[in-house]
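S.K.: So TrEMBL has the following annotated:
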- A:260-478: domain 'ABC transmembrane type-1' (DOMAIN)
- A:41-65: transmembrane segment (TRANSMEM)
- A:163-181: transmembrane segment (TRANSMEM)
- A:201-221: transmembrane segment (TRANSMEM)
- A:259-285: transmembrane segment (TRANSMEM)
- A:305-328: transmembrane segment (TRANSMEM)
- A:340-358: transmembrane segment (TRANSMEM)
- A:457-482: transmembrane segment (TRANSMEM)
Amino acid sequence: MPILWLFLIVLAIAAGGYFLGRSRALQSAGGDSRSLHSLPSFYGANVFLKTIVPAFGLLILWLLVQPIYVNTQISGMIPETAIKEGSSRSLVLAEVRRAASGLDNAVEQGLITEDIAQNARADFTDMTQRLKDAGQVVTSNITQPILRAAQSYRVLNSTGRSAMTIAVLLAAVAGAAISLWQTNKVFRARNVVEQGVQVLLLAAASIAILTTVGIVLSLVFNTWEFFKLYPASDFFFGTTWSPSFSGRGGSSELGIIPLLWGTFYISLVALLVAVPIGLFAAIYLSEYASPRVRAFAKPLLEVLAGIPTIVYGLFALLTVGPLLLGVFGDEGLGWMKAGTAVVTAGLVMGIMLIPFVSSLSDDIINAVPQAMRDGSYGLGATQSETIRQVVLPAALPGIVGAILLAASRAIGETMIVVLGAGAAARLSLNPFEAMTTVTAKIVSQLTGDADFASPEALVAFALGMTLFILTLGLNVFALYIVRKYREQYE
Amino acid sequence: MNDMSRVERQVDANEIKLECRDCQVYYGDNHAIKDVNVDIEDKTVTAFIGPSGCGKSTFLRCLNRMNDTIDVARVEGSFKLDGEDIYDKRVDPVQLRAKVGMVFQKPNPFPKSIYDNVAYGPRIHGLARNKAELDEIVEKSLRRGAIWDEVKDRLDAPGTGLSGGQQQRLCIARAVATEPEVLLMDEPCSALDPIATAQVEELIDELRSRYSVVIVTHSMQQAARVSQKTAFFHLGNLVEFGETGQIFTNPEDPRTESYITGRIG
Ligand SMILES: Nc1ncnc2c1ncn2[C@@H]1O[C@H](COP(=O)(O)OP(=O)(O)OP(=O)(O)O)[C@@H](O)[C@H]1O
Ligand SMILES: [Mg+2]
């Protein structure tokens, strides 16, 4: 039975349970809902929850555990001798799975009967030929142990499936029955449902957190692998970035400093563009603009935030780069060699960040209470004095938080750098030279054809980890500041 | 009411500082102030009394054009400060508010230090030539606001960290620091204990020797104690306006009488 069907059946049982629970509760109160402990719908919801939660929990658990169990079983069936020179157990297991799905398909297409597919004494040469005839992709000749393993793989899986279906349905029915039996007019269904909802919310929150933990762990493990192959001190303090492209050469120099410098420099240029413009825009919008201008200009500014960064990258490559080259290039001041440079990427990234800074700052400035402004006006201050001396200082921590959030976005930005700043890792102060950032290098290290276990590929994880810690630190700091600001007006 | 204050009230009619004629205020469609005529005299304390929501704050805010900051508010009528219309196009509301100071109903200290809160007005108006003079102004204002003793050791602490009543007195100190000619006080004592209230009343009395003060209050006793003139508002109308003694002992309008004797509220 497909899982979707199982899912729907459990839902149907639960829905039936809902109405049964409701009516049973009403019945126990003699039809008078006022003498029930909770509203009738809570009794229904109680049955509903107690039906689906154990059933779906079991379903998920089973789906997770069964493949692991089957794999260990099959793995035990394959003798060492069956593993060829230069191959590995996991490759053989993959072959088993392929053969099993080949058998499945063949049965489905009616080329062989289920009996033959399961027949333990079936002739394997014959079987290979049949599978090939049937157009199944079977890499090498299927050997006897592989065929046997594939056959029992199929059997294990299908019995597992049937057992799962039965167990899940039993769990659903049992849950419904027990909760229906509990239902009477003094049962505190409302409290139980409330608790159930709380647990659901908690589960959702933990999934989010666990995912983060998982991401961090995968980063950590791969970073660890990298540091086994490449000395950490060279990585953190090396001032040259020149991975060898041959793959396994020991000649790569993987120093992060030029990349960090590029990241820092480009982000700095971006913030120099975004912060003043964004802040002034926010002040104009929140303090000076008439409601009509505001209603029109604010969404317009926020549209900037919705443009995909690759579009900004193209803008940098095709418009801003040539434009800057015209002014600072050989025809102009002669400072710039090519369109891809720190200023190009920084400028475009700054434009990208403007709505980010302005929209957050605008919210924060608006949150400054009107009473504060009135106090200042009441003392005979002008509007600009009020803004400079009362509103901005009051909003400053929040604005700093907004700027830090913008900075962490700038640090994480990739596409604009790839297209606007070039790919050369360089330690230089000249903003008209090409440079590159950590993120851009992560992409280029992983998209190359380097072996995944080589330091040249694994360095991407170390880079990612460094970046993660940097932006995490910035975000935590920003949130801390924003929160501190919130407390001021409680 | 003791005889002392009764004697004090027998002042000669002072010249008129602020003359208000046919004042109307609308909040959108809500007609909040209707046909109000009031003369605020110089060197006099005028009390505005009336039930909650009758428009006392609204009218007070007309006197220094604070209603300009409310988009939906519309003010009509003539308001003359020293004979000059304050709603005239040539009048700068900023200049006006330096002359007509205000203490708000809810304390609103700036998120700055106590010192900077008080020094704010003197700084923007350039009232002090040097730091020593500014220090002096700050201290004097805090003393007049009856809060000096409580904050003199922590002038650098944020003003927002004070208690509600302390914040209100800080706002009073802040308002008197700019030496306004007219001081508008919207329920300045609603959050204060009796001792601080007495101190603020003392301050009001002191201010009267040089300025005119307008105070909104819900306390009949306070109005009787500190004011020479009293205006009674009801549902946006000015019901009665006259000598405080007259209003409290022998009101002309039955509504005034019911209000001060506690029968309508
Ligand atoms: N900002 C505003 N926007 C719209 N209506 C307002 C505003 N401020 C006051 N009003 C309305 O104007 C009327 C008078 O309000 P006002 O604040 O002047 O009363 P008040 O006499 O000061 O009352 P209280 O003694 O409670 O302070 C009320 O009906 C109120 O709803
Ligand atoms: Mg009021």
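Just so it is clear, glycine is given a Cβ too, placed from its N, Cα and C backbone atoms.
Each of these features: where is it, how hidden is it, and who are its neighbours?
M.R.: Long-range contacts of the transmembrane segment (A:163-181) within the same chain: residues 1, 6, 9-10, 13-14, 16-17, 20-21, 24, 46-47, 50-55, 58-59, 62-63, 66, each at least 6 residues beyond the stretch ends and with a Cβ under 8 Å from a Cβ of the stretch.
Here the transmembrane segment (A:201-221) has long-range neighbours at 461, 464-465, 468, meaning same-chain residues at least 6 beyond its ends whose C-beta is under 8 angstroms from one of its own.
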S.K.: Hey, which of A:41-65, A:259-285, A:305-328, A:340-358 has the most Cβ-Cβ pairs under 8 Å against the transmembrane segment (A:457-482)?
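M.R.: That would be A:259-285.
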